[in-house]
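A.B. asks: Dropping the structure in here first, questions after.
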Amino acid sequence: MVGGGGAEQELSADNVKGIVLALLSSGFIGGSFIIKKKGLRRAAVASGIRAGVGGYSYLLEPLWWVGMITMIVGEVANFVAYAFAPAVLVTPLGALSIIVSAVLAHFILNERLHALGILGCVMCIAGSMVIVIHAPQEQEITSVKEIWIMATQPSFLLYVASVVLVVSVLVFHFSPLCGQSNVLVYTAICSLMGSLSVMSVKALGTSLKLTFEGKNQLVYPETWFFMLVVAICVLTQMNYLNKALDSFNTAIVSPIYYVMFTTLTILASIIMFKDWSGQSLGSITSEICGLIIVLSGTILLHVTKDYERIPQSRSIYAPLSPSSTPRLNGELLRRIEDDARSPEDEEKALRRQEMY
């Protein structure tokens, strides 16, 4: 950990590895959206049936599978990044995949990136640099039992209990009552469960890292418990993310979900791993400012990317992605450009395909 006081220490070797993996993850995931979309378009031309209207010919399109494999590689890199660096550092860097996708779409798919979108890109990069410069050091963990002690400390148990209580109320009371009319219901469920899934992913990733280093952690039941929590949280997230995307436009869901998910994940990490313990007030303030800049830039990118086209009356159902992982903002990115358009315009209608 960083010692108290005003002086900043250099990034640790583990933090550097985490940053590199997070950046590679963003590059692979952002590029995969473009590859998959080109594969979808090619399959639609060959078969005459688009994925958006029930076609599955893209499963026979090699280019689509290249995009899928690219995305899986990116998600694996993101998973491993959590084993090396704190969530307060890795999670905000996920916004860079939006930049990669937006820039490549501008040049390869001829999808306009407006002036505010460019400003959003610059803000995401600037905010990410501030976070990296002032990021806390990763704790030295030698056993999954150490993580279990962190996960069972009273403060984090209180957070977990609060999440379970709020999610239960949202699922059993508010979801049937106003889930279809209030976007905050479904996105709150996704974000709250997402914060727990990332904590479990970090615990599981650290356990596997130690195992590969020769310290077998698979013999401890705590490792398998974290794996179970990951599965439950991710499945719940995906279910309610689909409900949100089915009920509301991605222009509304995406920025709200990203802001809530990132904020709650960082909060959970601060409570469980004490990421800010020992940091100076200046460093903490800088990280918060960097996070706000990244979130603001992400919102600009979402709301300026041709969203004048989105109708407010309906949305299209999005089935679960076969490459779903805790990093669910990736799931949202695949849908950013896929809302309904005029059926007379074939090129515009193809934007729906990427949802599949």
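Heads up, the Cβ atoms here are built off N, Cα and C, so glycines get one too.
Small disclaimer: the values here were computed from a predicted structure and weren't measured.
Pulled these features from TrEMBL for this protein:
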type	residues	note
TRANSMEM	18-35	transmembrane segment
TRANSMEM	56-73	transmembrane segment
TRANSMEM	79-109	transmembrane segment
TRANSMEM	116-136	transmembrane segment
TRANSMEM	156-174	transmembrane segment
TRANSMEM	183-204	transmembrane segment
TRANSMEM	224-241	transmembrane segment
TRANSMEM	248-272	transmembrane segment
TRANSMEM	284-304	transmembrane segment
REGION	337-356	region 'Disordered'
A.B. asks: With pairs fewer than 6 apart in sequence excluded, do the transmembrane segment (224-241) and the transmembrane segment (79-109) have three or more C-beta pairs that lie under 8 Å?
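C.D. replies: Between the transmembrane segment (224-241) and the transmembrane segment (79-109), which are separate recorded stretches, there is no contact, as judged by 3 or more close Cβ pairs.
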A.B. asks: Which stretch from 116-136, 156-174, 183-204, 248-272, 284-304 shares the most C-beta pairs under 8 Å with the transmembrane segment (224-241)?
C.D. replies: 183-204
A.B. asks: With the transmembrane segment (156-174) as the reference, find which of 116-136, 183-204, 248-272, 284-304 contributes the most Cβ pairs under 8 Å.
C.D. replies: 183-204
A.B. asks: Quickly jot the same-chain residues contacting the transmembrane segment (284-304) by Cβ under 8 Å, restricted to those at least six beyond its ends, or write none.
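C.D. replies: Contacts of the transmembrane segment (284-304) (Cβ under 8 Å, skipping residues fewer than 6 from its ends): 88, 92, 95, 98-99, 102, 114, 116-117, 119-124, 126-131, 133-135, 250-251, 254-255, 258-259, 262-263, 266, 276, 336.
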A.B. asks: Below 8 angstroms Cβ to Cβ, which residues of this chain, lying six or more residues outside the transmembrane segment (183-204), approach it?
C.D. replies: 79, 82-83, 87, 91, 144, 147, 151, 160, 163, 166-167, 170-171, 174-175, 222-223, 226-227, 229-230, 233-234, 236-237, 240-241, 243-244, 247-248, 252-253, 256-257, 260-261, 263-265, 267-269, 272-273, 326, 328
